[in-house]
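Listed features, source TrEMBL:
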| type | residues | note |
| --- | --- | --- |
| DOMAIN | 5-62 | domain 'Cation-transporting P-type ATPase N-terminal' |
| TRANSMEM | 42-61 | transmembrane segment |
| TRANSMEM | 219-238 | transmembrane segment |
| TRANSMEM | 244-276 | transmembrane segment |
| TRANSMEM | 722-747 | transmembrane segment |
| TRANSMEM | 788-811 | transmembrane segment |
| TRANSMEM | 823-841 | transmembrane segment |
Amino acid sequence: MNDDQTVGLTSQQVSALHKSHGWNELPQTAGPSALRILLRQFTNVLVVILVIAAAIAFVAGERIDTIAIGVVIFLNGALGFVQEWRAENALHALRNMLSPQATVLRNGRQLQIPARDLVPGDIILVATGDRVPADAALIEQTALSADESALTGESVPVSKDSDDATILMGTNIVEGRGMARVTDIGTQTQFGEIALLTGSVIPRQTHMQQQLGQLARQLGAAALMIGAGVMLLGLLYGRPATEMFMTAISLAVAMVPEGLPAVVTITIALGAAALVRQHALTRRLQAIEALGAASVICTDKTGTLTENKMTATRIWTPQEQYQITGTGYDPAGYIAAGQAKRRASNDPLLAQLLAVCAGCNNATLQHDRTGWTMIGSPTEGALITLAYKGWAPLPDPENILDERPFNSDRKRMSVLRQTADGPQVFTKGAPEKLRDLCSEILGPDGPVPLTDAGRAEIDAAYTALAENGHRVIALATAPAPDGILREEGLVFLGLVGIIDPPRPEIPDAVAQAHSAGARIIMITGDSPVTAKAIAQSVGLQPDWVITHDALAAMSDADLADGLAQDMLIARAQPADKMRIVSLLQKQGQIVAMTGDGVNDAPALEQADIGIAMGIRGTDVAKDAADLVLLDDNFATIIAAMREGRRQFDNLRKFVRYLLSSNAGEVVAILCNILIGGPLIFLATQILWMNLITDGLTAVALGLEKPEPGQMKDPPRKINAPVLGWSGFAMIAVFGVYTGLCSLWIFWQLLPVDETLARTAAFTAMVAFEKFSVFAFRSLRSPCWKIGLLSNPFLLLALVVTLGAQVAAVYWPPLQSLLHTTALGWAEWQMIGLFCLPLILLPELIKTIRITGDSNGT
Ligand code: ATP
């Protein structure tokens, strides 16, 4: 191998190449520009209606109304713009975090860098599951094949097993590994000519958004009909046409929750941004909401429930048992049999075993000022560290003749190497698979035939290690005089027990998932005994442990029955995940599924919530997933689930809140028309209430913290209506109360002065809407239970909006815009009095309810 192939480019060369070739990037699928977001605010039907209203007011000579409507259109647009801009920024940050990475050799070191930094001439390393970051010419490869369907549409993987083949940007490595020299970057690549960079956040509408969209459309249609009906009725009674038109418009505006879409968008986007801080990256926005409703979580074991920091602590051979000291990938430690330290040089049987540990291994250890780091798979990292601890000679990378890489289906790996005694096969893998490939076992005087008794002895040792939670790898070897790699007739050398401790936060997360009514199914490639031991140590109590072989033999019907219990699938193959997801979904379950490998992608796509691992996961799995866990941690799934529930709860709260405010206005306007009074609210006043003051309060409501009991409820049905009967009842009660109270105030003051009466009714409605928000902060707990000050945004929103209302009543410019007049102490007292039950009654009812509940349990 040339020097530049082991060293790669130097930093100076890289910066010179950046200057001449630029960066490895494609024109981004940029989010909408600020101007587009701004324009979007003025293109909806509401604005069109308002513009028509303003035009009619202008023609009718109502200058001030025209200005007022103009101001409302402007303020509403500005508010919408600020919210959407924030949401867009949050999404943009997510997109950036999803940018692809590349493994590169530079200055003699292997590094992970953003794919954008690659330059022509860089030496890149690719392995199974990687997305190729640039066009490159292969220098060397092992069993490499790539899925080029993104470029060619051809779904059969293309073998790259000639050393002069090229790999292309945007394609996926599905097997093997290789080293290649970058030839083209960015728009120069074949991919650059036809596609845009992946890693976008896909803005599909969430279920809730679809439901709300439907609700808004229905309300809109109803509003138009009622508005038209009222106008007709008014005209029949001989009321002036302009006045009736304005009333009809006000009514329509009052009925449609205009603030809703903006509030929903911002809540979801801010929720996604909040999740990044908890290490979960949302790729599809609907995932968080769906996760809140998840009823089954299928999870991997290694790295998700465990730390994925592997340390070999035991070796078993038929002759000897060894203990190993030290932790992690620091080779400071030793191998001991009883009290005696052992090394490759003083223990020939151990030497053979360690030769396989080092020789059938792609991991490397590197040492720098910060200590030891491992590059490669943690299992192999543990074995190479073991070889270091036993002072085993490290094999020459040049003497590899052939390799059959590890994959999750085969569960083993073999390498054919040139040794002093001729070509030799080194194999390692799952013990029960490997022992069946062995015909001999290494004895003190060399290989002897492997008998049934010998197999039983291996099995017993394997079970004993696994019962202690060890991940067990078997090692075997065989000469291959003909230079052909065969995984048969091997000599069994021994077992290595590796510990991978459970993450400390898992038992708590498991308990939370259980109390939230979500079942957990562990699906792991590890052995049933190890998997069960780990499961129990994190609080899972699987009633049924089944392996891939048994699963494959079962009919769908039998398996579906079994899936109803707490279970664990061991020695699983990726295709099992797909079968499990489909069966669970047929039972109506909402399934979250984790995965990291290339073959997990279909199951991740099929699951309601596909979750890929950020650290361990391949690019292919991440691309297929809805959610990426930046820390690979199961506890993060539960945090995201909590966020999903919080979001859904809060969306429900503010839908009820906004609709109950609108209902109050509609009740007041309709009843007033029926009893024949003059307009109770002017069009501009209604717009002010709905667009300026309600929107702010609703956004603040969306920022409510998760409620204590939220993770104790069973998962909601995904099709559960946003409102339901209780929602409608709540809206009706609040609507009727606030509508009738403001009507009463209006009629009470009408004999005194019409403008005063209207100002008081208008201010009363705003105050009612503001103070009723406390009832919606929690749909189950009284405010004193969730903390009076726990949502400072809401208090701020109240101060700002009530302040704005005071200005609307006393500040002359707003007075003339909104046709108001100053209120006296008596009017304020009246309003305050009607506010009291709105604040106190819901609290009282909720207090009685929770006291009743806690007495009942
Ligand atoms: P999970 O599916 O929970 O992530 P896992 O990491 O144990 O579990 P796999 O990576 O598919 O699943 O490994 C399955 C089995 O294959 C392991 O239990 C081990 O016996 C064997 N194995 C794992 N890594 C290697 C490797 N690099 N070489 C040979 N055998 C391996």
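Glycine is treated like the rest: Cβ placed from N, Cα and C.
Curation plays no part in TrEMBL annotations; they are all automatic predictions.
Through the fold, the transmembrane segment (219-238) approaches residues 45, 244-245, 247-249, 251-257, 670, 673 of its own chain, all at least 6 residues removed from its boundaries and within a Cβ separation under 8 Å. Remote same-chain partners of the transmembrane segment (823-841), defined as residues 6 or more beyond its termini with a Cβ less than 8 Å from a stretch Cβ, comprise 734, 737-738, 741, 745, 748-749, 756, 759-760, 763-764, 767-768, 771-772, 774-775, 809. Residues 688, 692-693, 696-697, 699-701, 703-705, 759, 763, 766-767, 770, 773, 777, 818, 820-823 of the same chain sit 6 or more residues outside the transmembrane segment (788-811) yet have a Cβ under 8 Å from a Cβ within it. Non-local neighbours of the transmembrane segment (722-747) in the same chain are 208, 211-212, 215, 651-652, 655-656, 659-668, 671-672, 677, 680, 757-758, 760-762, 764-765, 768-769, 772, 775, 827, 830-831, 834, 837-838; each lies 6+ residues outside the stretch with a CB under 8 Å from one of its CB atoms. Note: the domain 'Cation-transporting P-type ATPase N-terminal' (5-62) comprises 36 helix, 1 strand, 21 coil (DSSP; helix = H, G, I, strand = E, B). For the domain 'Cation-transporting P-type ATPase N-terminal' (5-62), the model's average pLDDT works out to 77.
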